[in-house]
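Report on the following structure.
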Amino acid sequence: IAATQPSINWHLKENARGHHTSKFSSKELIVRRGQAFIVTFSGTEQPEQNLTFIAETGPKPSKLAKTQATFGISSTVSKESWSAVLQSTSSNSMSISISSPPNAVIGRYKLSVRSTSSDSSSPASLGTFVLLFNPWSSGDDVFMPNKAECDEYVLEEFGIIFAGNKNRINGFGWNFGQFQEDIVNICLSMLDRSLNYRQDPATDVSHRNDPKYLGRVLSAMVNANDDQGVLLGNWSGNYDGGKSPSSWTGSGEILQNWKKSGFKPVRYGQCWVFAAVLTTVLRCLGIPTRTITNFSSAHDADGNLRVDEFYDASGNHLDRAADSIWNFHVWNESWFSRSDLGPSYSGWQVLDATPQEESGGIYQCGPASRNAIKEGDVDLDYDCPFVFAEVNADCMYWNYDPATGKKTLMFSKSTVIGQFISTKAVGRDDRVDVTNDYKYEEGSKKERDIFKKARKKLGLEDKFDPTAPTPQEIDQKPDISGKFKVAGPLEVGKDLNLILVLANLQSDAKTVHVNMTAWSTVYTRRPVHEIWKDSIPVTLSPKEEKQFPIKISYTEYQQQLTTDNTIQVTALCHVEGGIQVLVQRDITLDNPAIDIQVLGEAKVNKEVDVEVIFTNPIDMEVRDCVLQVEGNDLLRGVLEIAIPPLKASEKSNTKFKVIPFETGPKHLLVNFSCDKFADIKTFKMVNVID
C-alpha cells in the first residue's frame, strides 16, 4: 500500500441524502452515527481480506477511550463497534459500507487504511469526515421517533422566539443557520476550547458520545464567563462597545464574529441570544433542541424557592436583592435519554446558557429533566432546584427603609411565577403553550404538594429561615385593593395613559397616601432611569372605588426608554392604620410596524426585488436609520442598508434584490433601527420555486 497512495471517493451527495446532512455547505463528508455510509477507493493492490481500517478522533486516540477503532472487512454490520462491509469490487477499486456504533464519540475523524500482510507498512491516510448524533436512529440517545419533530428540531434553520410580558406576548423571527458555511467547524472548535478539554483533552473527547455531557459543556461555552466563550452578557441598558442584544437577527453572524476575532467574546448577549446560539450549536451537532420562553421567570439566587423584592416608601423598586422576577426568560430544551436517572426522566431536558448562577463552580446549567421539574424531584442532576424555582418560586414583596434597614412584608403570592411557557409549533409559525409540561395546574392541591415535596428535598421545611416572613405577616389582610388599567395604545411614540383603580374593601372610610413612580427597565425588570413620579392623597368612603387617570407623555419617557421598551409603574399606598399596599404593572410598548413585500415570484438563481416599507409615526424627524436583512438560502451573510432621515409622518420605501439559491419555504428577517426606535423586527415567508 505504501507504494501507491490510495484515492477515495466519499460519495458526498448520496451519503448526505441518506444521513439528513444535505443542508451542510461542506466539502467534507458529514454523516450520523449508528448508520452506514459508502466510500469507494482505488490504488490498493491488496485483496480486501488484507485491509484494516482505522477511524480515530481527538488528540490521543485510544481503543480504551473509544476514540480509536480498527476494523477489517466483515460480512455483517456490527451493532456494538465500527465495521466495514464490502459492497462491490472492480479491477482496481472497491466500494465499502462503513458503520459506526450508535454510541460512537462525535466529532472529526481521520480515516486511514493499512495492509495486514506486511508488518512494516504504515497506514495510508484516506482523509477526514465528521460524525454527528443521529436522532433518526433508534439506538441513539437522541432518537426522536416523530419525523416531523426531527425536521423541526434538527433541520429547521428558522425559529420564532417569544418575548414581551405575560399580558402581551410577542414573537420575533431568528435565523439559527446551523448549516451555514463553517458553522460545523466553529461548533467543533467550541468543544476544543472548553475548560474540560483544556484540563484533560483525551478524557473530554472520550465523553463526546454523551449528549448530557455535551449539553452541559456547551451551556458553559456559549457564555463568555469562565472560558472566553462565545457571548458576553450585558443587562445594563448601555451597550456601547458592541451590538445591543436586541439588534441580532441570527446566530451565524455571532458565531462567525467569534471565530474571526480569534475567539474573543462577542458583545453583547441577553437570554434569548444565549439560547438561540445554543440551539444552533446543538442542532448542528444533531441533538434535537428548541427555545423555551418562561414569562414571569424567577431568578432565585439563594436557593430558598422564594423571590424577595424590595420597595422604598416612595414606591421605587430597589435593586438591592440578588433575587429577581424577569418579564420573561429564554432557555433551551434538548431531547435525549437519561440512562443516569432512568427512563421516566428521558425526553426533554432543560439547558440554560445564560450566566445567572454558578453550577459546579462555573456558569453552566443543566441538563435538568423536565419530568423531574414537574414532579418536584429537585435532588436529581443537574441544577433542578434552580430551574424548579424559575417556574415555581413564591414571591414576597417587602417595603424597605434604607435608613433603618427595617423591612415589612406587604404581600406574598404563590401563583405569579412561571406563566405562558412558550415555544414554536412544529412545522408552523405559531406559539405552543407547554406550561402543563412544567407543572401541575397553578393553585391545585397537586401543585402545592409538589412544591412542599421540593422544599422538603432541599431541606427547607425543617430549618428556621430568619429572612422568611412570619405566618402573621403572611396572613395579614389589606384594607384596600388596587390595579393599573391601560387606557389607550401601548406604542412607542404615543403618550402612555393608565388608570389607577383603588377600592376600599372595608365598611369604614380610609385615608390613603399614594406615592407613584415610573421607571424604564430592561426585560429583567432591573430599573434603569426614573421617568416620572407623583403623589396624591386619597380618601375612600366605605366600599368605594375611585379611578385616577395617569398620563406619561412621550417626551417624558422618550430619552429614558431602553431597547426593551419596558416601563414599570408602581403605586405604593400608605393606608392610615393598615398595611401598605403595592400596586404594580410592567408595560411593554410596541414598536411601530414595518412591512416587507416580495415583488414578484421568487425563483432559484433569479433576481427578485424586495421592498421594506416604514412610516415614521411621530411628529419629529428620525435619524441614523439602518436596515438589517438576513435569510438562509436567500442572502449570504447579513445585508446592511443605511436609510436617509425621515421627517414627521414620512414614509420610506427601501428596495433591494435577493437571488434565492434553494427551493422551498424560506424566511426573510428584517431589523430596522433609528435614533427613536430600537430594533423593529419582522419576518416574511418566501416560497422559492424552480
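Please read every residue number as a count from 1 along the shown chain.
Even glycines carry a Cβ here, placed using N, Cα and C.
Lifted from TrEMBL, the feature list:
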ACT_SITE  C271  active site
ACT_SITE  H329  active site
ACT_SITE  D352  active site
BINDING   N392, D394, E442, E447  Ca(2+) binding site
DOMAIN    263-355  domain 'Transglutaminase-like'
> Once N392, D394, E442, E447 are set aside, which residues in the chain still have Cβ within 8 Å of the Cβ centroid of the Ca(2+) site?
Replying inline: V391, S414, T415, I417, G418, K439, G443, R448, F451
> D352 (active site): which of the recorded positions C271, D394, E442, E447 have a C-alpha within 10 angstroms of it?
Replying inline: C271
> Just checking the binding-site residues N392, D394, E442: which sit within 10 A of C271 (active site), CA to CA?
Replying inline: none
> Between D352, E447, which of the recorded positions has the fewest other CB atoms within 10 angstroms in the structure shown?
Replying inline: E447
> On the 0 to 100 scale, where does the mean pLDDT of the domain 'Transglutaminase-like' (263-355) fall?
Replying inline: 96
> Counting Cβ atoms within 10 Å across all protein chains shown, which of the binding-site residues D394, E442 comes out on top?
Replying inline: D394
> How big is the gap, in Å, between the Cα of N392 (Ca(2+) binding site) and that of H329 (active site), rounded to a whole number?
Replying inline: 14
> Roughly how many Å separate the Cα of D394 (Ca(2+) binding site) from that of H329 (active site), to the nearest whole number?
Replying inline: 17
>> Going by DSSP assignments with H, G and I as helix and E and B as strand, what are the residue counts for the domain 'Transglutaminase-like' (263-355)?
In response: 18 helix, 41 strand, 34 coil
> Does anything in the same chain, at least 6 positions from H329 (active site), have a Cβ under 8 Å from its Cβ, and if so what?
Replying inline: C271, T293, N294, S297, H299, T354, E390
>> Give me the count of other Cβ atoms within 10 A of the Cβ belonging to C271 (active site).
In response: 28
> Including all protein chains displayed, how many Cβ atoms other than that of N392 (Ca(2+) binding site) lie within 10 Å of its Cβ?
Replying inline: 24
